[in-house]
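Notes follow the structure.
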């Protein structure tokens, strides 16, 4: 029976490194499920693997233009193609990354909520731009009290929840419960890497300094030159908003580093809680050695 291995966890938890080791030992192919590492214009700021440094096949990295609003459904289609190709080669597909929506779509399947009409999508976006996050959030929970579970800074999910209740009159959360969903694959193993938080926070801080010392500033300058709207997903990758503020003389580089590091640490903190709440039956590992021991037994 074909197996699919999923390695996820908070940002900077070491997912990429351990996935390479597992792939080397198990004739594997690494397939990306990070929603920002898909964009080809921002390999440094999104910490995409340096493919010239490994002989392991990597798929779905840096293959979408940042000028495109790429959906979860599109990614699922691309993922299926790569998975089935891996099966035909008798290799182990190793899906790795930390994007919650991508992981959820694998484990629980895609939502069957009807497509949103273009005029509702446009009106919702205009309203969001006018009100800003907090006021828009307040308006949303008036219409859909269940949406209180969302964070007011998660603009993508706020917009999605508002669009759905505007079009259907029903909460997106209610629809997700009512509409039948099933996993993308029949046989998968979900492993979540959760190192000690202080270890992850230090890696986050060090990684951003390393990016600044490389050519990440030029990378963001090139991104700005494409005149991409600020609400496009690529523009929200961790560190990009802060570097843009620096490049537009709104804050110093020191302040940009401080804010970017703090925001990314806060994101990692939320990820720890989210993974445990969303996937209580997953296999959780604090150390890479623990995970490697399990994999060696599972796939020997």
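Placed from the backbone N, Cα and C atoms, the Cβ positions cover glycine too.
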Candidate ranges 34-37, 38-41, 42-45, 46-49 [criterion: Swiss-Prot lists as region 'Interaction with substrate tRNA']: 34-37
Mean per-residue pLDDT computed across the region 'Interaction with substrate tRNA' (34-37): 97
Winner by Cβ contact number (other Cβ atoms within 10 Å) across the recorded positions 15, 121: 15
Same-chain residues at least 6 apart in sequence whose Cβ lies under 8 Å from residue 12 (ATP binding site): 200, 203, 204, 207, 264, 268
Packing count at residue 14 (ATP binding site) (other Cβ atoms within 10 Å of its Cβ): 19
